[in-house]
């Protein structure tokens, strides 16, 4: 009976360790090749489309946010309640 | 492609300093609008922008260093100086709060009853939870040193385990402090005792959260094989910051919790 448990343990260990190895391989060299490509793209956009999407979202929030602050400041500085 | 004739890093222009500055503006004005008008839109927007900036800026640094190789020895030296100077500025930040505490507690005003702790204040017992909260950062100092040695020896799994333990200890400290804050018999509004206690320990708690986050973020590059045994400055910076946070706690414990009771 213990041989079965031992065999199961071996299988589980091998499966887990092999799946971990598949997920967390050393991909540094691939990334190095991607980011050292001589294509003139700045580093913050060099990773691909998701970079550009995230950048655009962030910039949009920045502009909208800055505008909103100015609006709130003007509102606070010139109160509209005339009683 | 032009090649530079020096070892320094001339960075590509990036938008993150701008977005970071705007997020600071949004967060501070957001705090003001929250206090005055009870609206949290600006604050929420500012925090989101801050998180986006932090993610993209630090991702950028990883790309420039690990993937593009810009962090040569002179560049790394500059980064080390930078981190040391930053931590030094934080030390002075805390010196201010310790100054305030000692100013009020060494010569207690007559309005406090002429004694410290002031009349009516029941201080926390320094040998209960605060003592546990001293053992925790000391232990995490050991685990972060263990992680450092593991990284230097190329021992991947022990490094992962010890770094995770460090993060867990940091979270444990935060949880314990939160519980203490909830159970404390005095509040921030309880005169100069409450003020000095909660401002000093509160800012320390914030720094613990920052340090824990920094260490947690280090887990990512580590699992992706970014750290080498002799080049892992991100981790070094996190470890220095963590030791600083632990040392501040020791001073807090001895001054405010122990001597101040």
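Just so you know, glycine gets a Cβ as well, placed from its N, Cα and C.
Taken from TrEMBL, the feature domain 'Heme-copper oxidase subunit III family profile' applies to B:4-261. The transmembrane segment annotation in TrEMBL covers B:16-37, B:43-62, B:83-102, B:159-179, B:191-220, B:240-260.
In this chain, the transmembrane segment (B:16-37) does not touch the transmembrane segment (B:83-102); fewer than three CB pairs sit within less than 8 A of each other, excluding pairs fewer than 6 residues apart. Mean model confidence for the domain 'Heme-copper oxidase subunit III family profile' (B:4-261) is a pLDDT of 92.
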